[in-house]
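Visitor: Structure in structure tokens, see below.
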Amino acid sequence: MAPLSERYGRVPVMRSGWMLFIILNIGCGFATNQSQLFFLRLLAGIAAGGPICLSQIILAEMWGRRARGTPCCLNSLVVVVGPSIGNVLGGWTIESFPWRWIFWATSLISIVQQILVILFLPETNKAKLHTTSPTVQMSDIKLSNITIVDDDQSQIIHPNSNSKPKSIDGKSTRPSTPVKENSTLDQHRFSQPNFLTKFIPPPLWIFFHDPLVFILSVQMGMIYALFYMVQTRIISFYHHDLNESTEMSSLHVLSMSLGAICASKLNTRGLSAICDRLRIVSERSRDRPEYKFRCMIPGILLLPIGAFCFGLITNIKSSWLLPDVGLFCLGAGVIFGFRKAGSYIIDTFGDQAASALAAMHLIRRIESFVIPLVINLTIKGRFKYELIILGSTLFSLLIVCPMPFLLFTYGPRIRRLPLSGD
């Protein structure tokens with residue numbers, strides 16, 4: 001759906017994908033056998049992939065490069081807070097209502113969100129706006145007024161007006177020169193051969209031909225795998241090993257949400273300010289979007305620390321408090337690992353960022369259904385699940401943690417490499 005949004009606009013793809021998800025999700029509640037439920041869930045996941053992928057790029061297009069830190073950080077919280085709240089609501093719902101209400105309740109929430117999208121979500125694709133006639137632009141006047149004139153802030157420009165641009169808060173700003181198309185940040189682009197366009201989607205082409213996207217995709221996949229493995233063990237540990245009820249066991253998942261919220265706040269107020277200061281000091285600040293990875297290096301170390309603490313403590317079956325500390329660190333590490341990677345892709349690929357983001361999350365999407373299968377085989381084989389978590393933690397410590405430092409050091413060289421499609 002990401003390539004479709006680059007051609008036809010963000011809003012039509014967002015609305016159609018979300019509406020299709022609502023219909024299929026309601027159908028899951030009426031499934032009569034496991035095959036129907038599996039098929040409808042598969043289609044619902046495909047339909048929901050578009051809105052999930054486009055949310056970050058829409059926020060980035062509505063705000064300037066420096067002003068979009070807070071909204072993008074809040075959007076990245078969905079990765080941790082969403083599954084955590086889902087576990088809590090699911091645990092309490094199953095005890096009181098039939099399982100079908102899980103799908104119907106989420107469908108009701110999705111209908112409300114779809115109404116808000118139809119009423120308030122503007123079109124943000126610049127290419128789509130430039131090809132729209134003036135009469136159509138006036139119908140979407142709220143969006144066409146918001147234009148990123150420079151890299152630092154969004155400014156309001158009234159169509160057919162010769163007045164100087166004004167910022168959103170009403171204060172006048174200095175005249176700025178638009179970024180040229182051949183700037184350094186816009187040079188890292190892929191060109192897919194025309195005869196392959198009909199057979200290979202652009203995200204797949206980027207994934208296999210762009211080393212930056214491939215490296216970040218591996219990093220995102222390993223972070224998500226470790227997060228998923230720990231999350232699936234939480235309720236069973238507190239329910240079976242510590243003899244807590246299902247409702248109380250699901251509440252411990254909120255420890256990861258609390259860690260993610262604290263990390264998001266620190267990322268926005270603390271580490272982002274440090275990155276901005278480093279960009280101002282550097283004479284080559286425009287040539288180095290890799291400065292974002294400096295913020296990721298200290299924070300991503302919390303990921304293996306949290307997973308190691310949880311796996312070790314659950315193996316010795318201590319009190320409930322110590323595993324929650326590990327879950328707190330794990331949630332914070334996931335946010336530090338996810339947040340800056342998406343911003344780096346958006347700054348590097350420009351108007352092709354939607355396809356690049358879809359390619360970056362490719363491994364993560366595959367793991368969302370592979371990991372549960374592996375977990376079921378592990379449980380049936382009676383393997384020690386905590387040892388698998390500890391082994392994955394060691395593997396992530398050796399692979400994931402050095403990646404931000406390596407990308408910060410060698411990222412500019414990788415971006416200058418000629419891509420296979422050029």
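Each position is counted from 1, following the chain as shown.
Heads up, the Cβ atoms here are built off N, Cα and C, so glycines get one too.
Positions annotated as compositional bias 'Polar residues' by TrEMBL: 155-165, 173-184. Under the heading domain 'Major facilitator superfamily (MFS) profile', TrEMBL lists 1-415. The region 'Disordered' annotation in TrEMBL covers 155-184. As annotated by TrEMBL, transmembrane segment applies to 12-32, 38-60, 72-89, 101-121, 212-230, 250-272, 293-314, 320-338, 387-410.
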Visitor: For the transmembrane segment (72-89) against the transmembrane segment (320-338), do we get 3 or more Cβ-Cβ pairs below 8 Å once near-sequence pairs (under 6 apart) are dropped?
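Guide: The transmembrane segment (320-338) and the transmembrane segment (72-89): touching, yes.
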Visitor: Taking pairs 6 or more apart in sequence, does the count of Cβ pairs under 8 Å between the transmembrane segment (320-338) and the transmembrane segment (212-230) hit 3 or more?
Guide: yes
Visitor: Apart from its near flanks, which chain residues at least 6 from the ends of the transmembrane segment (212-230) lie with a Cβ under 8 angstroms of it?
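Guide: Residues 79-80, 188, 206, 303-304, 306-307, 310-311, 327, 330, 333-334, 337-338, 341, 344-345, 348, 356, 359-364, 366-368, 371, 375, 388-389, 392-393, 395-396, 399-400, 403, 407, 411, 414-415.
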Visitor: Could you name the stretch, out of 12-32, 101-121, 293-314, 387-410, with the greatest number of CB pairs under 8 A to the transmembrane segment (38-60)?
Guide: 12-32
Visitor: Would you kindly list the residues that approach the transmembrane segment (293-314) from elsewhere in its chain, counting only those six or more residues past its ends and only Cβ-Cβ distances under 8 Å?
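Guide: Residues 223, 226, 230, 233, 237, 241, 259, 263, 266-267, 271-272, 274-275, 278, 322-323, 325-337, 339-341, 344, 386-387, 389-390, 392-394, 396-397, 400-401, 404-405, 407-408, 411.
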Visitor: Against which stretches of its own chain does the transmembrane segment (101-121) lie, if we need a Cβ under 8 Å and a gap of at least six residues from its ends?
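Guide: Distal contacts: 11, 14-15, 18-19, 21-22, 25-26, 28-29, 58, 89-90, 93-94.
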